Amino acid sequence: MSRFFQPIHAAKQPSVKDGDGVSKGFEAITSGSECSSGGLCACPAGTWHSTTSGCLPVKALGEACSVDPECGDETTTYCSMAGCMCRANYVDVNGVCEPGKALGAACTISAECTAITSGSECSSGGLCACPAGTWHSTTSGCLPVKALGEACSVDPACGDETTTFCSSAVCTCRANYVDVNGACEPGKAMGAACTISAECTMVTANTACTSGVCACASGYWNNGGTCRQSVPFGGACTYQQDCSSYDSKFGCRGGTCGCAFVAVNGYEYQLAGGDSSCLSGRVEVRLEGAATWGQVCDDEWGDEDAAVFCRSIGRTGGTATCCSLHWHGTGAVFHMDDVACAGTESHLLACPYPGWNVENCGDSEVASATCT
C-alpha cells in the first residue's frame with residue numbers, strides 16, 4: 001500500500017461524537033487514523049497501518065523493520081534483514097527511493113546512474129554518463145577503455161572512435177593517426193611540433209621529428225613542402241640544394257654535383273680539378289654570370305694569395321701550390337697574373353695585380369690552392 005492515505009475498512013463503524021470532530025469516532029476503531037479529504041477513514045501521509053497498533057510512522061531507510069509496509073511505498077521499498085531498503089533499480093536520494101536513471105538522463109547523485117548502468121556516474125553536467133576512460137557495454141555497463149594493441153571485439157571498447165577502432169580484434173589507430181605514447185595523435189605537417197618521427201611521416205614522406213619539430217630527415221632537403229633526397233659528389237642533380245644539402249661545399253654544375261662556386265663583388269671563384277673534398281684544386285675566376293672560367297697564373301703566387309682566395313670561397317685559410325698541379329690540358333685562359341695579396345683582403349680581386357687578362361703565362365703555370 002502507499003505511504004499516503006491508507007483506507008481503513010472499518011470506516012462505517014459507529015462514531016463517538018464528543019464535539020471535537022468526527023475523527024475522534026474513527027480513532028475509536030483505528031488508532032492514529034483520520035477522515036481523509038475523500039471522506040474515507042485512512043492512515044495519514046507518512047504512516048502505515050499496523051493491524052495490532054493502528055497507524056504508525058513509516059520507518060526511514062536503514063531503520064529496523066519487520067514487514068514491508070513499515071517502510072512505506074512497497075513499489076519502491078521493502079523490509080530486508082538490514083532494515084528498510086530501496087528495491088532493485090531504485091536508489092536512496094536524500095532518504096527517498098528514487099528510480100535509477102539511464103545514461104543521458106538528468107541526475108542528482110551517481111548512485112541514480114549506477115542503479116541502471118554499472119560503473120556510470122552523474123557527470124558535472126548533471127547527466128548520467130560513463131566516466132572518462134570508459135566505454136558503455138550494453139551487457140556489462142561502463143568498462144575501462146582498452147589500450148592500443150589490446151584485444152577487442154567492438155570499436156567503442158578502444159575509446160574515441162574518431163581516432164581508434166577495433167581492427168583484426170586489436171585496438172588500433174585509424175588512418176592518419178599514429179600511436180604516440182599510447183594515444184592516437186594526428187599526423188603532423190612540416191614545421192609542426194612533434195614527439196616522434198612517425199607523426200611527421202604520416203603526412204610527409206622522408207621526414208623526422210627533429211628538436212621537437214617535423215622537418216626533412218637527414219639526407220633530404222625541403223623543396224616546397226616535400227623532402228627531396230640530397231645528392232653526393234658526382235651524382236645527377238637538378239637544383240643547387242640537391243648538392244649543397246649533402247655538403248655545403250657542393251653545387252649543381254651542369255646537371256652533376258661538383259664543387260660550388262661563390263660570387264663576391266661582381267666576380268665568381270671556384271676550385272676546379274680537385275676531389276670531392278672541394279678543398280684543393282686549381283684557382284679559377286670569372287666575371288659574375290660569364291659563360292666560361294679563366295685561370296690565375298702562378299707567377300708570384302704565394303700562401304698569402306691562396307689564403308685570400310680560400311676566404312673568397314668561404315674557407316678559413318689556405319696554402320699555395322704551383323706548376324699546374326690540377327691542370328692537365330692546354331689552352332689555359334689567364335685572367336690574373338702577378339697577384340700580390342697582403343693577406344688581409346676580403347676576396348682575390350681586391351688584391352693588387354697588373355690588370356684583367358694582363359699576363360705572360362703558359363699552360364704549366366696554372367695556380368692551385370689547398371684550403372682549410
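We count from 1, first residue shown onward.
Including glycine, each Cβ sits where the backbone N, Cα and C put it.
What you are looking at is a predicted structure, and each value in this text was computed from that prediction instead of being measured.
As written in TrEMBL, here are the features:
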type     : residues      : note
DISULFID : CYS297-CYS361 : disulfide bond
DISULFID : CYS310-CYS371 : disulfide bond
DISULFID : CYS341-CYS351 : disulfide bond
DOMAIN   : 269-372       : domain 'SRCR'
CYS351 (disulfide bond) sits from CYS297 (disulfide bond) (Cα to Cα, rounded, in Å) at a distance of 14
Row CYS361 (disulfide bond), column other C-beta within 10 angstroms, all chains, value 18
Of the disulfide-bonded residues CYS310, CYS361, CYS371, the one whose Cα sits nearest to the Cα of CYS341 (disulfide bond) is CYS310
Quick note, CYS351 (disulfide bond): same-chain residues at least 6 apart with CB under 8 Å of its CB -> ASP305, VAL308, VAL339, ALA340, CYS341, ALA342, GLU345
Quick note, CYS361 (disulfide bond) and CYS371 (disulfide bond): C-alpha atoms separated, nearest Å, by 24
Other C-beta atoms within 10 angstroms of the C-beta of CYS371 (disulfide bond) total 24
DSSP composition of the domain 'SRCR' (269-372), residue counts helix/strand/coil, works out to 16 helix, 28 strand, 60 coil
Within the same chain, the residues at least 6 apart in sequence whose Cβ is under 8 angstroms from that of CYS310 (disulfide bond) are THR316, GLY317, GLY318, ALA369, CYS371, THR372
Excluding its own, the Cβ atoms lying within 10 Å of the Cβ of CYS341 (disulfide bond) add up to 22
Whole-number mean pLDDT, the domain 'SRCR' (269-372), equals 95
